[in-house]
Amino acid sequence: MRSRHFELLVKGRCRSGTLNIEDAVKFFNRLLATKNPAPSIYTFNDLFKALVRKNNSKNHYATIFSLFNRLSETQGVSPSPNVCTYEILIGYCTQINQPALGMIFFGRFMKQGQRADVFLFNTVLKGLCSKLKISEAVTILLEKMPILGVTPNVISYNIVIDGLCMMGDIRRAQEIMVQMGCTGHQPNFLTFSNLINVLCMNGEIEMAEELFHEMVSQGLQPNVMIYTILMDGFCKKGLLDKAVEMLQYMVSKGHDPNVVTYNAIMDALCKIGETRKAEGLLHDMISRGNCPNVLTYSILIYGFCQTNELEKAEELLLKMISNSILPDTVTCNIIVSELCKDGEAERAEKLLYCMLDKGVTPNLMMYDSVINGYFQLGRWKDTIRVFNDMIDGLFQGR
């Protein structure tokens with residue numbers, strides 16, 4: 001088979017996703033032995049790309065590195081690894097959690113006097129940030145890249161900003177963002193979302209809100225995730241009015257809140273006893289086509305228990321079960337316990353067996369609440385009966 005035809009065959013197998021390690025080695029050996037004309041480096045790169053993308057590529061790192069070394073040692077005979085080859089290998093090192101090895105490959109590349117491009121540097125930055133070597137990444141971004149005549153792009157800045165955010169160094173991340181703007185690179189959606197998220201996590205909600213408005217002023221459209229992060233931040237600071245205001249603004253801009261958005265505000269409302277407002281949000285949520293999840297119901301049930309609205313809590317629990325959403329044991333424990341404290345042991349028991357019929361297995365704490373509830377009412381026969389049911393239900397077959 002002619003050289004170029006064979007290269008097309010190799011490229012086709014690489015792109016098909018069916019290439020295994022054994023065939024890759026055979027293809028590599030044949031390519032390496034091909035002369036006049038020698039195969040293109042891009043064909044070798046396709047082989048490396050296919051190998052590092054395989055799900056089990058971590059198991060074959062020794063083979064992959066060996067193939068790379070063999071290619072490097074045949075300079076003048078076969079094509080030499082180019083910047084793209086090194087980019088693939090350095091990225092692979094990060095993928096298998098060996099970014100230090102990636103830096104060795106980067107050092108080899110630089111010693112050869114080849115010209116690095118921004119894509120190679122971005123791969124190096126990702127590797128450093130994955131190991132939280134952020135100061136080294138900042139040095140490369142702000143000093144080494146300009147010295148070598150490589151202009152960082154938006155991705156370069158975002159990688160480092162994300163790394164600084166992971167380290168909790170918000171101030172430095174903001175400084176890098178400012179420098180980014182000074183070099184003519186406008187922060188994009190990812191830049192803002194990373195910073196807004198970490199600011200909210202650190203309780204810096206005012207600064208997060210400022211960034212949000214700056215983002216909007218630059219014509220960038222926040223998504224549901226960013227709105228939710230901000231609303232959750234407002235709620236945690238007790239700024240419920242701001243959270244509701246943000247919810248209304250979000251809807252006015254054509255974004256539908258999701259279940260996570262609603263849960264954040266409902267939880268904050270329930271914590272200050274505003275269960276009716278929280279319930280109103282539940283109805284609004286359903287009317288917009290959002291399906292409440294187990295957390296939604298748990299938030300409201302716990303809220304109603306806290307305000308001693310046990311009938312509402314019980315009603316919600318039964319509605320939840322009828323909608324095929326099984327409550328978790330924590331939610332069940334809370335409502336059963338509160339009913340028993342209120343002298344409603346019989347209702348608590350009915351609820352317990354209703355949950356049992358629906359596939360929710362009562363735990364020891366649930367039974368204990370009902371047993372103690374009957375005991376406090378002086379209903380000894382019921383106390384013993386539920387105790388025996390507990391033994392049969394929890395310990396049968398042990």
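Glycine too: its Cβ is placed from the backbone N, Cα and C atoms.
Curation does not apply to TrEMBL; its annotations are automatic.
What TrEMBL records for this protein:
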{"type": "REPEAT", "residues": "117-152", "note": "repeat 'PPR'"}
{"type": "REPEAT", "residues": "153-187", "note": "repeat 'PPR'"}
{"type": "REPEAT", "residues": "188-222", "note": "repeat 'PPR'"}
{"type": "REPEAT", "residues": "223-257", "note": "repeat 'PPR'"}
{"type": "REPEAT", "residues": "258-292", "note": "repeat 'PPR'"}
{"type": "REPEAT", "residues": "293-327", "note": "repeat 'PPR'"}
{"type": "REPEAT", "residues": "328-362", "note": "repeat 'PPR'"}
{"type": "REPEAT", "residues": "363-393", "note": "repeat 'PPR'"}
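Away from its own ends, the repeat 'PPR' (188-222) comes close to residues 154, 157-158, 161-162, 165, 168, 170, 173-174, 177, 180, 229-230, 232-234, 236-237, 239, 242, 253, 255 of its chain (Cβ-Cβ under 8 Å, at least six residues beyond either end). Remote same-chain partners of the repeat 'PPR' (223-257), defined as residues 6 or more beyond its termini with a Cβ less than 8 Å from a stretch Cβ, comprise 189, 192-193, 196-197, 199-200, 203, 205, 208-209, 212, 215, 264-265, 267-269, 272, 285, 288-290. Outside the repeat 'PPR' (328-362) by six or more residues, the chain places 294, 297-298, 301-302, 305, 308, 310, 313-314, 317-318, 321, 369-370, 372-374, 376-377, 379, 382, 386, 393 with a CB less than 8 A from a CB of the stretch.
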